Amino acid sequence: MTEIQTFLRNSCSNLTGLASLEEARETADHRLGMDGESLLERLMAIVERFLSGGPLDDKKKVTAFLTLVENGVKMIGPFLKGSQTRISNSQTEVKVWMEKGMSPPQGNLMASAHHAQLNTTWKTATGDIYPGFTTAALICYHGLENSIPTRYFHEPQEKTDKKFHMNSKVLTVAVSNQDTSVLQEDIILTFKHLQQKPEKYKHICVYWDPDKDGGAWSDRGCETVSSTVNHTVCSCSHLSSFAVLMASFDGKDPFELQVFTWVGLVLSLICLILSIITFSTIRSIKSTRTTIHLHLCICLFIADLIFLAGISPTGNKVGCSVVAGLLHFFFLAAFCWMCLEGVQLFRMVVLVFHTTMRPLYMMLAGYGVPAIIVIISAISNSKGYGTDHHCWLSMEAGFIWSFFGPVCIIIAANTFFFLVTVWKLAQKFSSLNPDLNALRKIRTFTITAIAQLCVLGIMWISGCLQFDSDTRAIAYIFTIFNTLQGVLIFIMHCLLSKQVREEYAKVLARFCSPQKKKYSEFSSNQSKSQVSKSVQHTGESEI
């Protein structure tokens, strides 16, 4: 910081003791060899070099830096010739407004930089003493938000599990008023957010307090008036360097919701594994439709297992990204297999012959399409996998639509297939010679498929809102459908199927038959012994 200090000290020494502002300007031009604009450019060039050297990881450095730059702009402001001056470089943007005259300026003062806006009055900028001019400056630091750690902020008397992130540029407000510790009228600052986060994230207006432990962010004297996805409006009773901190929570769900999730997912996994065993081992029900159900259950089983074990731990970024990628793939695969079921029902009703689909084509559609989508998504935005709260897809830059986009397309396609299927069924039921048994079977298949689509569709509609809102009701809706989807699939495709129930009865009969056989053998042996004894007794009597 020596270069900034020497530069400001020499400038002040050459301008001290002069009678008027005009004489000071002339002296700056002649003695220093530069006018006010050149002085400001020189200061900003030094600031740019300083900030390019790396982050300010020491709060004392932050305090010294912000104080010196603010004082430097205050001193250089009166020597600027124009009423408005703007200088910008890769690290800093500074705008200075100046009014001069015999009497203090009046009215409102609205000053704006690229990422912030100041609303105050010229009276606040002037103060009680008017030396013939009033200056107001906004200094916006382009990269300083990444240099000052948010750990320097602590909310007083509040024990929470919040994490703070900088969500605005750091803005310094400097005016010619010499007493800005307590203003007569509050100033209004509007900050543009660096990240467009949902409104459940709490935004806090803070300033850099040099007197707090050598320098720290503080919200004393600042109030958050309003906050939207894009902007936060702050009201402050003093001047300093300001910013907006975004407070997010660690994402701990209520205890009862966690218990319900664990119990429901475990029950769902049990039902899914029973469904997998049913579709893979019972030969009499094997068909194209049961093959689709088998792979649907496999995808949901793996997805639920990963969801249960890895949706919450976000400490390991690489591991969290892998979990998010796997969930992306298997949930997409589940929807693709569900789409294949809609296609199969459509073929069964519309096509009279060749209603089966080749296994290779089904595998390509069921697993190949999701793999292509995940690979393209990972290549285009690998940082989109994993967030600070869940190992899922990021909401930023619309990355979540790499999942919801295909899901919406599949739901729309299945809706079309089901509508056509129902229409064709109605026509065939009203025909002269309907095959009632076949038509009733297809009608049952269609009803269960529509119910399945509704379950998964409602689940992920609520899931879209759940990951982007803080509504407790939506969280419970998503949890209910997510945890009980395996149970519903087992009930619809296994327990409600007469053929499957008959196969279950045969299996149970096989387990029970050995005991019955042993009992019948024991009874027959006992009868034979009694008969032989009776015959022997009769023979003895005759003899």
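Yeah, the Cβs are placed from backbone N, Cα and C, and that goes for glycine too.
Marked as domain 'G-protein coupled receptors family 2 profile 2' by TrEMBL: 257-497. Here TrEMBL flags 259-280, 292-312, 318-340, 360-379, 399-423, 444-461, 473-496 as transmembrane segment. The region 'Disordered' annotation in TrEMBL covers 518-543. Annotation comment: TrEMBL describes 523-536 as compositional bias 'Low complexity'.
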For the transmembrane segment (360-379), distant same-chain residues with Cβ under 8 A (at least six beyond the ends): 288, 291-292, 295, 299, 325, 328-330, 332-333, 336-337, 339-340, 385, 399, 402, 406
Other parts of the chain folded back onto the transmembrane segment (318-340), taken as Cβ under 8 Å at six or more residues beyond its ends: 292, 295-296, 299-300, 302-303, 306-307, 310-311, 357, 362, 365-367, 369-371, 373-374, 377-378, 382, 385-386, 391-393, 402-403, 406-407, 410-411, 413-414, 449, 452-453, 456, 460
Residue numbers, six or more beyond the limits of the transmembrane segment (292-312), whose CB comes under 8 Å of its CB atoms: 251, 261-262, 265-266, 268-269, 272-273, 275-276, 279-280, 319-320, 323, 326-327, 330-331, 333-334, 337-338, 340-341, 344, 362, 366, 390-392, 482, 485-486, 489, 493
